[in-house]
Amino acid sequence: MNMAKDIKFSADARAAMVRGVDMLADTVKVTLGPKGRNVVLEKAFGSPLITNDGVTIAKEIELEDHFENMGAKLVSEVASKTNDIAGDGTTTATVLTQAIVHEGLKNVTAGANPIGIRRGIETATATAVEALKAIAQPVSGKEAIAQVAAVSSRSEKVGEYISEAMERVGNDGVITIEESRGMETELEVVEGMQFDRGYLSQYMVTDNEKMVADLENPFILITDKKVSNIQDILPLLEEVLKTNRPLLIIADDVDGEALPTLVLNKIRGTFNVVAVKAPGFGDRRKAMLEDIAILTGGAVITEDLGLELKDATMTALGQAAKITVDKDSTVIVEGSGSSEAIANRIALIKSQLETTTSDFDREKLQERLAKLAGGVAVIKVGAPTETALKEMKLRIEDALNATRAAVEEGIVAGGGTALITVIEKVAALELEGDDATGRNIVLRALEEPVRQIALNAGYEGSVVIDKLKNSPAGTGFNAATGEWVDMIKTGIIDPVKVTRSALQNAASVASLILTTEAVVANKPEPAAPAPAMPAGMDPGMMGGF
């Protein structure tokens, strides 16, 4: 049965959504900058989480009013998308969204055409992004990488760990962040590999908040066959069940009745199982499965060797210390394969590299070599309390993402300074009518991050912006000390990818809100009446329990 709906139109619809935008943005923006404050989040279980991570806060906010909640959810989407693309900049994106929505709403309410405004916003945003790319400086070398990581995590020590990890496993190498048993944070490089295949069903996750499946000390079934009939793997499942250890299935596919059966057993808690598709295609898939088997000390169950799934025994299963699976990738840490077998496999790939004449094959062989020989860097986070540990872990995850983004697209002056620098280019756009209004909205929004950073540090935003506009290029306001400095030399930097993604996502969602003419929400259902008391029962009797 369909629920009854509440519908609001034009100004009413937009006003309700903007109330939601404001509630979320006002909560998140207090965390912006070096003097940003913390937000305390109540948790259903355990102690509250204290954080200044924008996306973590945004995901927690759920409003009672359906219309307001839709506005809040749209801004939360901006934060999440920016986090997915660049790994940081979620608070900046939230502040920019709120600024564009507010400025835009004033003009729409005054009678401007929302479609014209949207066009102007899109043109101005594209110009600002190009201008950001033009002033970007490349990041290379261990020291520069450490500096970027230290700024994002607010800790020089963390900066050193991240640059060290990236040096040892490569910029695209696998770096995982785990909780340490001690008080100290430390870096360790272990044998491991990552491939680009995620879980086949989201019901297989073990951490619903992060939507990942963590398998400790698992067995690994590796096959190039399709698993459609659960009977084929039932004998193996029963053997694994006796050990009380989790299982990862890497197969050509898991479908038919096999997938729902596995999911059902996972949900019931019978056993912990995750299924993923095998990586690669054709002959390369066979080679990659063989790599995984050698790394984990297992065997590939394949028709090429005349092996059948139903005849497989526990000896064919690989093992590892830990496996993490998210929606897009699988990371195997410390496989149980023998060092000698792994070394032989690496030597084989190297000899193939020397003899191949195809550039494509060479690239794929190098990829396999990096996966086998590169290992996985593990940053083990230590802290005195569980609350501090969670906060530190979030900070390091942000820093790692920001550092990768910096290496990819370069850096610009931080603290919102780069957004002020590109104002000149955006202002030079020759637009007319509502398009020009859209451009002016973006011009005003570009000032907002600096204004908020100054405000959080106890300074007057307008004064700081005014002085910044009249300062030499590259000079900015260090909110931590209250001084005017050369931002990049001082190490106050932002990855271009972070700043660019924040602006693009904010402009996109804010434009959608401004062009909204109707909002449809579910009507809250009336509370069910309390069941009637059986006849002859004295209400006073209830007090005895």
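Any Cβ shown, glycine's included, is placed from N, Cα and C.
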Quick check: of Gly159, Gly410, Gly415, which does Swiss-Prot put in the same ATP site as Thr31, Leu32, Gly33, Pro34, Asp88, Gly89, Thr90, Thr91, Thr92, Asn478, Ala479, Ala480, Asp494?
Gly415
Once the chains shown are all counted, how many other Cβ atoms turn up within 10 Å of the Cβ of Asn478 (ATP binding site)?
20
At a 10 Å cut-off from the C-beta of Thr92 (ATP binding site), count the other C-beta atoms across all protein chains.
28
Run through the Cβ atoms and count how many others sit within 10 Å of the one on Thr90 (ATP binding site).
30
Which same-chain residues, if any, lie at least 6 apart from Ala480 (ATP binding site) yet have Cβ under 8 Å of it:
Pro34, Lys35, Ala457
